[in-house]
Each structure stands twice: as structure tokens, then as C-alpha cells.
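Taken straight from TrEMBL:
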ACT_SITE  E110  active site, proton donor
ACT_SITE  D265  active site
ACT_SITE  E370  active site, proton donor
ACT_SITE  E391  active site
BINDING   T477  Ca(2+) binding site
Amino acid sequence: MRLPLSCAPHYRDRDNPNNIGWNDAMGDFSLTAIDTLSSLALMADSSDLDAERFWETVGEVVRIYWYNEPKECDAVTENCGEKTSSWGRFHNRSRESRGFDIDAKVQVFETTIRTLGGLLSAHLFATQSLASLPASVQPKYEYRDELLDLAYDLGLRLLPALTESPTGLPYPRINLRVKETPSEEITETCTAGAGSLVLEFTTLSRLTGDPLSRLTGDPRFQEAAKRAFEAVWDRRSDLGLFGGGVDAESGLWNGPVGGVGAGMDSFFEYAFKAFVLLAGDELGEDSWFWKVWEQSSAAVRTHMRMEIPTMWWSNVHLGTGAPVQGASSWTDSLSAFWPGLLAASGEVEEATRGNLFYSALWSRFSGLPERWNLRTGSVEGGLGWYPGRPEFAESTYMLYRATKDPWYLYVGEMIMRDLKRRCWGKCGWAGLQDVKTGERQDRMESFWLGETWTYLFLLFDEDHPLHKGDDPWVFTTEGHPIILPKSRQRIRSSGTYPAPPLSCPNSAPTSIPFFSTTASRPDIFHASHFTRLHLLPKAPPTELSPLQPSDLDIYAENSYFWSPSNSTYYPWTLPPYLVSPDSICSPLPALESFDLIFPQPKAQLSSVSSSGDIFGAATAGMVRRVQGGISISGSMRGVRMGMTNEHGVLRITNIGGTSLGKSEIVFLEDKVIDKSGATMDPNFQIVLDHEYVDLIIQYADDLRAAKREEELKQVPIIPETKTALGELLSRLGFTSLETQLNDLLSLYNDGGGDGEATPTSAISPRVHAFAGIIPTGIGAVDILTTTPVFADIHILKSLACTPIQSNSIPKTAQVLIVPRGACAFSQKLQHVPSFIRLVIFLDKSTSTPQDLVRPLLDKENEYGIMAVMVAGSGKEWEREVGSLTLRRRWSVWVKDIRVGNVVVL
């Protein structure tokens with residue numbers, strides 16, 4: 001391959017093997033040719049010439065890298081049986097050598113997605129497992145699965161990077177000849193690199209095995225890739241988030257920042273696509289991957305999704321979900337894939353809103369800068385290059401396939417015109433060094449042809465065979481279509497996890513008010529405002545033609561584009577008749593934000609009771625970060641709270657400049673404020689909840705584990721033996737938690753509900769909270785703000801509609817769980833023995849506390865037994881409960897608006 005501008009040969013930096021920016025994907029083999037094979041196959045459906053090129057390129061790849069034969073050989077003057085290809089001679093290889101026996105260190109991730117994926121996809125096209133190649137064009141040789149042979153050879157050379165790792169996380173680089181990672185090599189890999197091998201390695205396992213028979217498949221590749229994927233999944237934080245990089249040997253995150261962009265992107269992608277690829281797998285693994293996708297995408301939606309003024313996804317602290325200084329102020333071009341993945345998974349509305357942001361950003365720069373600062377509206381840190389990344393084109397293609405909205409065809413036209421105008425060089429497609437000035441790079445990445453132009457080609461090829469039928473094929477993260485041949489697909493048996501839904505939740509639009517549902521959205525201009533399109537000049541220079549952008553000089557050094565109408569409208573390829581001259585923007589959404597500042601300490605104030613001051617004593621409040629949020633102790637004096645009104649509920653976003661994540665809680669310790677109601681402040685009110693209480697539970701096995709951990713603390717620890725978990729907690733900033741506040745994260749972010757424990761970062765006993773509703777009526781007993789701790793819980797199997805036999809309940813029982821139904825609550829309570837202190841009515845027909853109806857106790861409660869009702873299947877009571885207590889709920893109101901993320905103890 002040649003460089004796009006200078007046309008000089010493009011090859012590996014052999015003089016400096018450590019030049020990883022150049023060498024990671026280039027292993028001294030024909031990278032672009034292999035990475036582009038599937039693109040040629042896709043385009044062959046509409047072009048016999050491309051079909052011929054596909055078979056010619058396959059023939060050359062096979063000749064050089066598998067058979068190691070010379071292109072031409074004079075049998076009269078040369079020994080053709082021993083002469084190798086020119087590539088083989090360069091690497092001093094014998095004629096018998098096969099495959100990628102090259103003394104080159106390559107990155108495992110890039111080589112897998114570009115080279116291994118390219119070989120597998122091309123093989124699937126060549127064997128008609130994927131439809132596209134016309135039957136009228138046949139190779140001039142017999143294809144004997146040599147591409148699969150090459151893929152198998154390459155897979156065996158990459159495999160030790162996974163199998164030799166102590167954690168299952170792959171080493172980032174490996175030497176293809178010696179099949180090992182150099183001892184001096186760094187061991188840090190990115191999350192995407194570790195978790196994005198599943199599609200290629202699984203396909204390789206299903207297609208290969210014994211080289212002579214290939215009947216059973218070679219499970220080593222799939223098992224190793226699944227182990228690596230699980231190793232990443234098991235290291236998610238309590239919030240379900242991931243860091244950008246992880247060490248293959250220690251298993252520790254290299255930093256606390258999580259996101260959906262660079263370093264993390266394709267882990268999410270492979271969770272969903274592995275579910276599709278493995279559809280009908282007899283081991284139920286497709287549903288396991290669906291579960292991973294559901295939980296990880298839900299975590300992104302909860303902690304990273306921003307909706308004001310338009311939709312985008314922020315980088316956050318993986319342990320707290322809070323904004324991270326610096327990292328939360330920018331987004332990168334790789335995150336543009338996320339709307340396309342959402343569209344593929346059925347979340348079309350969210351995908352549409354997110355893609356508007358990237359469409360507007362592309363319209364502003366005629367390309368996506370590597371990073372863009374959301375606050376300043378400019379390129380972040382000088383990272384303004386665009387190397388031809390495909391993510392935005394991919395999302396545009398996916399959304400068009402999901403909606404058939406012509407809007408996306410105009411967006412695709414904009415991308416193509418901008419790329420041709422700014423990036424086409426004499427010998428290929430050049431990346432942009434600066435999207436603002438148009439300065440070009442003399443470098444062409446293989447994904448220009450392997451992905452970017454593939455998605456754009458398919459965007460406009462409505463009748464392509466891949467767009468017909470419902471076979472479970474997917475694009476790899478490098479844009480290679482793959483599928484498990486039907487002979488390898490299996491029928492579902494009773495897997496470990498339930499089958500996912502068979503249809504997406506988004507219905508088709510009932511009417512299209514304009515030419516496009518997207519163009520008719522009321523929030524179409526919110527993304528324009530967010531990306532500052534409205535601030536661009538409205539008139540082009542006189543020497544530029546606004547109506548014929550394709551006529552601009554494609555070799556101009558400064559080829560910045562001026563919109564033919566008004567930059568607020570995008571994409572600029574919209575025909576003028578579709579841009580209404582009297583259009584108006586809908587009101588921009590805005591969040592009401594303010595600071596609540598509490599009075600400074602008073603010098604002579606001694607106590608709340610003596611002063612009648614709601615805000616506490618003379619000293620300033622003590623603010624500290626704990627697991628799950630921030631606690632305030634001592635008093636409220638001197639505390640500054642930043643608040644935002646989100647859909648009618650206030651959320652505390654920061655305390656004294658310390659940001660909180662979306663799910664984090666502000667804990668107000670006891671006696672910080674006056675809860676008696678004797679003193680009131682119109683800007684800060686504490687109200688007792690008379691409907692709901694929290695059932696605080698610690699399970700017996702958690703208590704025993706915490707006790708063992710405490711005993712181990714008494715043993716001196718050699719610093720070098722510090723566990724990986726301990727090191728991780730230290731690096732994430734979690735402190736040792738000595739009060740009940742330290743376990744309250746689990747009260748509001750409990751990972752329960754699906755039967756699988758969520759990884760925890762606390763060694764103290766896990767605390768679980770279940771909301772219960774308080775009965776009403778003359779038989780309802782007031783629940784005190786402080787209740788005793790119960791340790792003996794008994795589950796009643798009968799409905800308690802008849803007297804309970806005395807020998808069916810232990811005399812030591814303090815709490816009785818009674819199923820709802822068949823008779824009135826008062827009747828059940830009358831049959832409960834007098835020694836029971838608390839009755840929990842279990843409503844199995846209701847899954848959420850919000851759907852509970854308050855029980856009516858319309859008869860006298862003879863023994864004064866407390867009662868609550870909870871929702872759920874009852875699984876939470878199947879584990880042995882070590883302790884249970886009730887905690888009253890208090891709500892905080894500011895200016896008559898409830899604060900949603902405060903817990904008053």
C-alpha cells in the first residue's frame with residue numbers, strides 16, 4: 001500500500017519496533033488488502049468488476065501468505081518448486097512455511113479485528129455463507145478454504161496472549177513468530193481490546209478444528225475470548241461501569257474514568273452482537289450476553305446519559321458516577337458509534353436523539369474532531385484530527401436501516417461530499433490532521449475502505465442481499481460481516497438465563513408530518529445550539545460557491561465548508577426547498593440550578609434545643625465522601641449545596657464543589673438538623689413519610705464473611721501481599737467505612753433482583769433495603785423512628801386465614817412473613833401469636849413498592865403488633881437473614897420541591 005499524498009510505500013517501522021502508533025496493526029503483511037476483502041465482497045453484488053477484484057485479491061493473499069509461491073517463475077531457468085514469494089524471500093522463509101510466521105510484535109486487538117476478522121468474513125463470503133458474490137463471476141482457481149487456514153494460523157499465534165494471562169485479560173501485544181509477549185512489554189490493555197475478541201474468536205472456533213476434518217470445531221478460541229470478556233465484566237464497579245484501561249496481570253483499572261468512547265466502546269458493542277451471533281445457542285450463551293448488554297447499557301443510561309440541551313453521553317467516575325474534572329467536559333469521535341448500537345438493539349428514539357448531536361457536530365467541522373469540549377464549544381486539547389473514523393457513518397447507516405427516514409440519506413451524502421472534498425489524495429484517502437484548517441495527514445488507515453466507505457455504500461444500496469431475510473449476521477467492530485453457518489447453529493435448550501424479547505419496543509411512526517420524522521422533530525435545533533452551529537458566519541466568502549459544494553477544490557489546504565443556507569440547518573446537503581425560510585426553533589430546554597448556602601457557625605451556639613436553630617450547633621458541618629455519596633455530620637452550618645430541578649424533583653449535584661453522581665446520595669446524620677418540627681425554615685424542610693418505611697437487612701452469610709474479614713485484619717499484612725481488590729479500592733478513593741452510612745450505597749443501588757450478586761467494593765457486611773408500605777386503619781401500630789434489631793425471622797407457608805398452630809412457629813421468632821391474599825389483613829393479624837413483634841405481608845403479585853396499596857387494618861390490634869407490606873417474589877427472604885430493622889423515611893423539601901437524593905438518618 002502507498003501513502004495517500006506522497007504515494008510512497010507504506011510499511012511497518014522496522015527500525016523502531018516500539019513505534020506502537022505505527023506498528024500495532026501493521027505486522028509486515030498486506031493489512032489493507034485483507035481488511036478490505038469483505039468490502040470488495042459487499043460491493044460485488046452490484047459490480048462484476050468488484051467480484052473479479054475480490055477473487056483476484058483472495059488469490060494473491062493465498063498465494064503469498066499460505067502457499068508462499070512466486071507470482072511468476074521461469075521453469076527453465078529457476079527451481080520453481082523451491083522459490084518463494086518476494087514477501088517470503090524478504091522474511092527469509094522456506095517454501096514450506098505457511099501463514100503469519102513473522103518476527104513482528106503486533107497489538108492483539110487490532111490484529112484480531114482487522115486481520116483475523118477480515119479473513120473470516122472473506123471466507124464466509126467466498127463459501128456463500130454470506131450472500132453478495134454473484135454466481136456469474138468465479139475465481140480462476142479452486143478455492144480450498146485457504147483464508148480459513150490463514151485465520152486458524154493467525155488465531156493460534158494470537159491465542160497465547162489470552163491463555164498465558166493470569167487474569168484471563170489478554171496481554172496487549174504478542175510476537176507472531178515466537179507466540180509470546182516480550183518480558184519488557186507493558187501489560188496494560190484497554191477495556192475494548194480485552195472484551196472485543198468474542199465475535200472473531202467464536203466464529204473461528206465454530207469454523208475450525210482438526211485441520212483434517214473440521215467437524216467438531218476448536219473450542220480454545222471461543223473459551224479464551226469468553227474468559228477475557230467475563231474478566232472485564234467481573235471487574236465492573238458497583239454501578240456497573242468500566243474503566244478505560246486495565247492491567248492484564250494485576251487486573252486493576254488504570255484510572256477511574258468510565259465512558260462509551262475510546263478504550264471502552266466495543267465492549268458494549270460485542271455484548272449485544274454476541275447475543276445476535278449466538279442466537280439459538282444450546283448453552284444459552286446468547287441470553288447471557290443479552291443480560292450483559294441490558295445491564296451495562298442500563299448503567300450507561302443511568303449514569304452517563306445527558307439530555308440538556310440535547311442528548312449526549314458524559315465520562316464519569318466509574319465508582320461514584322460523578323463528573324470527573326477535565327474528562328467530563330469533552331466527548332470523543334469514537335462515541336459516535338453508540339447511537340447506532342442503540343438503534344440495532346431497538347432503542348430507536350434514544351438513538352435518534354443522540355445521532356442529532358453528532359450530525360450537528362459533523363456539520364460544524366465537516367468531520368468529527370478526535371475530542372470536542374462541550375463547555376467551550378471548541379476542539380479539546382489540540383486533538384482536532386480526523387483519521388477517517390467510521391463510527392458516525394455506522395450510526396447513520398444503522399438508523400436508516402431502523403427507520404428508513406430519508407434524513408439519514410442526506411446525512412450520508414454530507415459525509416461523502418465532505419470526505420471527497422477534504423480527504424481524497426492522489427494515492428488514497430488521507431486523514432485530517434486538523435478538522436478546522438483542513439491540513440491532511442499522509443496516512444491512510446485500513447478502516448477507510450474496510451469500514452467507513454462500506455457503511456456509506458450500504459446506506460444507499462437498499463436492495464443488497466444482506467438487507468433481506470433475518471439471518472443472525474452482524475458487523476464486527478471493524479465492519480466485517482460474519483455469521484455462524486447454519487450447520488453450526490443450534491436450537492435453544494433450557495439455558496441458564498431466560499430468552500430475551502423477540503421484538504423491539506419502538507413502534508413505527510403513525511404519520512410523517514414533513515418529508516422526514518427526524519427533520520420534523522421539535523428538538524432538531526437543540527443540537528445546532530449545543531454545537532454552536534448558530535454562531536458560524538451565515539455568508540460564504542465570495543470566492544466560494546455555496547450552492548455547489550462538490551465543486552470546491554478537493555486539494556485546497558483550507559477547505560472549510562460554508563453552509564449554502566444557514567448553518568443552523570443541517571445537514572448542509574438538505575435541498576433548499578426542504579429548508580423553510582420561516583422556520584422557528586422550539587424553546588431550548590434548560591435546567592433550573594441554584595446553590596443553597598447554610599448560615600455560617602455562630603460563636604456562642606451550644607445546641608439545637610437551647611437555641612431553637614434548625615441548622616445545628618456552633619461548629620461548621622463536616623462533609624466527607626463515603627461509599628454511595630456524601631455524608632454530612634455535626635451540623636448544616638457552612639454547607640453549600642448545588643441543586644438542579646430535574647423533572648420536578650430536586651437533585652443535589654455537588655456539596656462544596658464535590659460533584660455527585662446521578663445515583664449518589666447525601667446522607668444527613670442524626671442530630672444534624674431538628675426533625676421535631678419545632679423550628680422550620682421555608683427553604684429547607686424535613687417531613688416524615690407516613691406511608692413508606694425501609695426494611696434494613698443484613699444476611700447471615702454476609703455477617704459471617706465480614707467477621708472472618710475482621711479477624712484477618714488482626715494478622716499483620718506484608719505490603720507486597722496487598723490484594724488486587726484492596727489496591728483497586730485504594731486507587732478509586734474508597735475509604736474504610738465505620739458507620740452505617742458506609743453501607744448505605746446498597747440501600748439505593750442494590751444489584752439484586754435477578755438473582756446475581758453485584759460485585760461489591762466494601763468488606764463490611766452488605767446492607768440491603770426493601771421498601772415497605774405502612775398499613776392504615778384502627779389496627780395500624782405506629783412505627784417508631786428507632787426500632788429494635790430483629791434476628792429471628794420465620795416464613796409462614798399458609799395464608800394465616802385460619803388460626804396458626806402453636807407448634808408451627810418457633811417461640812423465639814420475632815418477625816413473621818405472611819403471604820397476601822384469600823382473606824383480610826386484619827383477619828391474618830388476629831391469627832398471629834402474641835410473641836411476634838413484626839408482621840411482613842408479602843405481595844407476590846406486585847414487583848415494585850410504588851404499586852403497593854396500603855393494607856387496611858380495620859379491627860383492633862390486640863397485641864400491638866407492627867405490620868408492613870412489601871412487594872416481590874419472596875426470593876430475598878429465602879436467604880438466612882442475620883438482622884432486620886425498620887427505618888422511618890424522612891424527605892427534604894426546598895421551596896416546596898422535594899429533594900430526591902437525600903437520606904435523613
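In case you wondered, yes, glycine gets a Cβ from its N, Cα and C as well.
Any TrEMBL annotation is an automated prediction that lacks curation.
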Could you state the CA-to-CA distance between E370 (active site, proton donor) and E391 (active site) to the nearest Å? 12
Tell me which residues of the chain lie with their Cβ under 8 angstroms from that of T477 (Ca(2+) binding site), as long as they are six or more apart in sequence? I113, A192, S196, L199, D265, S266, E269, Y270
I want to check the contact list for E391 (active site): same chain, sequence separation of six or more, C-beta distance under 8 angstroms. What comes out? D265, S333, L334, S335, A336, F337, G340, L368
Within 10 Å of the Cβ of E110 (active site, proton donor), how many other Cβ atoms can you find? Include all protein chains, please. 21
For a quick check of packing: other C-beta atoms within 10 Å of the C-beta of D265 (active site), how many? 25
